[in-house]
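S.K.: Among the features that TrEMBL reports, Fe cation binding site is placed at HIS64, GLU84, HIS101. Here TrEMBL flags CYS70, CYS73, CYS109, CYS112 as Zn(2+) binding site.
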Amino acid sequence: MQQLRSSDDFVSAQELHRKLDDEGTRIGLATVYRQLNALVDSGAADTVRLNGQQLFRLCGDEGHHHHLVCRECGKTVEIDPPSESWLRKIADGHGFTVESHTLEVFGLCADCRERAAAARH
């Protein structure tokens, strides 16, 4: 848990496992996955998928939130969710009952856009 607390960035289970191993903590990768998923299930951690890889981070905000995720560098920003009434209206219009939801908006952060623009010139 200390390794997760020490980072504001999302990390993969493999990366966390390597960091724990580097500091001398012997734990199986499957155990790391189980613990991370338990943290997500309890609401203590967030998870996003980036480039086909599941990443984890302790929640910075106890309330319900969503993320902007840079598809290049992985930078993530917590954002306020759309209104629950909007979500219910959309779901009702399609005959759905909302049980839960997540929202990750993928794009490029300002730094990565600037680097890409500089590389083109």
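Each residue, glycine too, has its Cβ placed from N, Cα and C.
Bear in mind that the values here come from a model prediction, so they are computed numbers and not experimental data.
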S.K.: For the recorded Zn(2+) site formed by CYS70, CYS73, CYS109, CYS112, name the remaining residues of the chain with Cβ within 8 Å of the site's Cβ center, in chain order.
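M.R.: My list of surrounding residues reads ARG71, GLU72, GLY74, LYS75, LEU108, ALA110, ASP111, ARG113.
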S.K.: When you tally the Cβ atoms that lie within 10 Å of each candidate's Cβ, which of the binding-site residues (CYS73, CYS109) has the highest tally?
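M.R.: Of CYS73, CYS109, the one with the most crowded Cβ is CYS109.
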S.K.: List, in sequence order, the same-chain residues at least six positions removed whose CB sits under 8 Å from that of GLU84 (Fe cation binding site)?
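M.R.: When sequence neighbours closer than 6 are ignored, GLU84 (Fe cation binding site) has nothing within Cβ distance under 8 Å.
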S.K.: Please work out the number of neighbouring Cβ atoms within 10 Å of the Cβ of CYS70 (Zn(2+) binding site), leaving out its own Cβ.
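M.R.: CYS70 (Zn(2+) binding site): 18 neighbouring Cβ atoms within 10 Å.
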S.K.: Could you state the whole-number distance in Å separating the C-alpha atoms of CYS70 (Zn(2+) binding site) and HIS101 (Fe cation binding site)?
M.R.: 20
